[in-house]
Amino acid sequence: MQENQQITKKEQYNLNKLQKRLRRNVGEAIADFNMIEEGDRIMVCLSGGKDSYTMLEILRNLQQSAPINFSLVAVNLDQKQPGFPEHVLPVYLEKLGVEYKIVEENTYGIVKEKIPEGKTTCSLCSRLRRGILYRTATELGATKIALGHHRDDILQTLFLNMFYGGKMKGMPPKLMSDDGKHIVIRPLAYCREKDIQRFADAKAFPIIPCNLCGSQPNLQRQVIADMLRDWDKRYPGRIETMFSAMQNVVPSHLCDTNLFDFKGITHGSEVVNGGDLAFDREEIPLQPAGWQPEEEENQLDELRLNVVEVK
């Protein structure tokens, strides 16, 4: 949908409903993890992709009605990739009236020099970007760094670590940076990628494709993403259930001795988390936990979001 096209009442209604859902998801994540506090200066990392555009739009929207005051500054890292449209983001951000900074660093040249042809560039590229963004956050006096990773990214990372790294480790909604100086937040942690895609299409954001890493075929992350997408089509509700599982961890029923003192279990020990179910069949719900049909979800949105229409 182009910005200059007149949209129908139904399209506007659907867009309003979608924006309210994303706004609710972001608001809940912010509240659950205390992502944003009074007086925060949030550095919004804007890549030019659908996720970061959506994050900026929803944070700007929340800024107008939030019970606390916080400011936003958008930051884009121009990595000097051939053909990168340097004018797109400045024009877009100036039109919005958003404070911004474009950081120019030739990380593209470094990656191409260091990584052999045909090898994945993501690891080195992300390390270089991270250091530059931390430095920029310090220069701008930012108290939080906001990244545009969503629920699907978090699940993909969980499976990547399980399949290839031998760890049950996802992507935290909030963390202290590895240099110990910055707090990183992921406001889209509860948002579905398909909602973000629909919103970005409807808003006609000026998307800038990543020619450095996002287009590389057969990446491990892409394989995982395709697997999860297939599961979502074949088994509705599975994605929601898996994400719910990440929020309901039972250490006593796993095998990590750092999380639970198995050696300390002796006769007379307190029963923990239901005790021994080894000889019983645990009751499994007929429907996936946390899932509901699209129609019911839309009806719930109407009840939850009885607010003034989002413009």
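Keep in mind that glycine also has a Cβ here, set from the backbone N, Cα and C atoms.
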What range among 47-52, 215-220 does Swiss-Prot record as motif 'PP-loop motif'?
47-52
For the motif 'PP-loop motif' (47-52), report the average pLDDT of the model, please.
96
Go ahead and report the DSSP secondary structure tallies for the motif 'PP-loop motif' (47-52): helix first, then strand, then coil.
3 helix, 0 strand, 3 coil
Of C122, C125, which of the binding-site residues has the most Cβ neighbours inside 10 Å?
C125
